[in-house]
Amino acid sequence: MAAAFTSSPVVSQPQFTAMNEQQCFSNESIAFFYNRSGKYLATEWNTVTKLVMGLGITVCIFIMLANLLVMVAIYVNRRFHFPIYYLMANLAAADFFAGLAYFYLMFNTGPNTRRLTVSTWLLRQGLIDTSLTVSVANLLAIAIERHITVFRMQLHARMSNRRVVVVIVVIWTMAIVMGAIPSVGWNCICDIENCSNMAPLYSDSYLVFWAIFNLVTFVVMVVLYAHIFGYVRQRTMRMSRHSSGPRRNRDTMMSLLKTVVIVLGAFIICWTPGLVLLLLDVCCPQCDVLAYEKFFLLLAEFNSAMNPIIYSYRDKEMSATFRQILCCQRSENTSGPTEGSDRSASSLNHTILAGVHSNDHSVV
């Protein structure tokens, strides 16, 4: 009997711990992961949760309607059939998708979270990640397009429709891959000790990667717009010494400054707090990040509602097209481009390029 006892395998404590850490928990309930992370999982609807859900649904409806209006306006008005407007339409499509993704989230949050499986929870979060990533990537693409046109002294980028389609496909492909990464393996289901507090099924390393990726994109946008502004300011100051219209140059520079401040300010206000919160979730365990999670999530989603206003509503031609669509009026520009249509294109384009071409009457 002693021999039989000694022949049985003995698992040491370190080996047992290693085996336990490598165990996957894909069959566990969502409550299991939330309890481990310390994140509260509601059992019933309270006043705060109802208010957040009501506000979220309202924002979603506005996002979808506003961005749908932008897409229709660009489609019906042939004066908008240029690369910059195709990118703006794609941005509107991305933000429309963000509204749908967030709408899905609203009906699968709060007490409804308990009913989700691991797969559906990852799908819910993946839709949000994809929608937000594609919106940021579109903002970057627009910044790059503006940078190219200004420094080449063009009103519109000389880019073929095929290249625009390639850019759009690359943006969506990258965003879908980013959103799907946690579902295909970069999660904490088999690495339970490294689960995030804010996203209990997400790995800390993925959240750090995603936050840094978006922050780097933000920095690139700041650099691009700062370079544009510096170039235009230098040109206007140089030409004001040899022209009779310094006030016009000064007004052009200030108008550009306002546009850049609005664009960058909206991005900073809506995105930076949430991205910093993700980093604090990993780097600062004692920080109470969960207390601000829902607020910053709503704030980030507001960016999708603001993009149509920032990039489209400042355009007088776009505003007129909006009114014609809402009033069911037929636009004169839907039948085809008219002579001098380039001169009536985006006021935002004119703002950027007027300082560069202040002596070029074909742009005025």
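Residue 1 is the first one shown; counting continues down the chain.
Here the Cβ of each residue, glycine as well, is placed from N, Cα and C on the backbone.
Here is what Swiss-Prot says about this protein:
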type	residues	note
TOPO_DOM	1-50	topological domain 'Extracellular'
DISULFID	Cys24-Cys190	disulfide bond
CARBOHYD	Asn27	N-linked glycosylation site
CARBOHYD	Asn35	N-linked glycosylation site
BINDING	Lys39, Arg124, Gln125, Gly126, Leu127, Ile128, Asp129, Trp210	1-acyl-sn-glycero-3-phosphate binding site
TRANSMEM	51-75	transmembrane segment
TOPO_DOM	76-83	topological domain 'Cytoplasmic'
TRANSMEM	84-107	transmembrane segment
TOPO_DOM	108-121	topological domain 'Extracellular'
TRANSMEM	122-144	transmembrane segment
TOPO_DOM	145-163	topological domain 'Cytoplasmic'
TRANSMEM	164-184	transmembrane segment
TOPO_DOM	185-204	topological domain 'Extracellular'
DISULFID	Cys188-Cys195	disulfide bond
TRANSMEM	205-225	transmembrane segment
TOPO_DOM	226-255	topological domain 'Cytoplasmic'
TRANSMEM	256-280	transmembrane segment
TOPO_DOM	281-294	topological domain 'Extracellular'
DISULFID	Cys284-Cys287	disulfide bond
TRANSMEM	295-315	transmembrane segment
TOPO_DOM	316-364	topological domain 'Cytoplasmic'
MOD_RES	Ser341	phosphoserine
MOD_RES	Thr351	phosphothreonine
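The structure, with features from Swiss-Prot marked on it.
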residue: Cys24; record: disulfide bond; DSSP class: coil
residue: Asn35; record: N-linked glycosylation site; DSSP class: helix
residue: Arg124; record: 1-acyl-sn-glycero-3-phosphate binding site; DSSP class: helix
residue: Asp129; record: 1-acyl-sn-glycero-3-phosphate binding site; DSSP class: helix
residue: Cys188; record: disulfide bond; DSSP class: coil
residue: Trp210; record: 1-acyl-sn-glycero-3-phosphate binding site; DSSP class: helix
residue: Cys284; record: disulfide bond; DSSP class: coil
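Long-range neighbours of the transmembrane segment (122-144) within the same chain, counting only residues 6 or more positions beyond its ends whose Cβ lies under 8 Å from a Cβ of the stretch, are 84, 87-88, 90-91, 94-95, 97-98, 100-102, 104-105, 108, 116, 167, 171-172, 174-176, 178-180, 182-183, 187, 199, 201-202, 210, 214, 217-218, 220-221, 224-225, 267, 271, 300, 303-304, 307, 311. Cβ environment of Asn27 (N-linked glycosylation site): Val118 lie under 8 Å away, each six or more residues apart in the same chain. Of all the recorded positions listed here (Asp129, Cys188, Trp210), Cys188 has the Cα closest to the Cα of Asn35 (N-linked glycosylation site). Each of the recorded positions Cys24, Leu127, Ile128, Cys190 was scored by other CB atoms within 10 A of its CB, and the lowest score goes to Cys24. Residues 21-26, 30, 33-34, 36-39, 118, 121-122, 125, 277-278, 281-282, 289-290, 293 of the same chain lie 6+ residues outside the topological domain 'Extracellular' (185-204) yet bring a C-beta within less than 8 angstroms of a C-beta in it. Distance from the CA of Cys195 (disulfide bond) to the CA of Cys287 (disulfide bond) is 16 Å. Using a Cβ-Cβ cut-off under 8 Å and counting only residues 6 or more beyond its ends in the same chain, the topological domain 'Extracellular' (281-294) has close neighbours at 38-40, 52, 196-198, 204, 207-208, 273. Between the farthest pair of Cα atoms in the 1-acyl-sn-glycero-3-phosphate binding residues (Lys39, Arg124, Gln125, Gly126, Leu127, Ile128, Asp129, Trp210), the distance is 21 Å.
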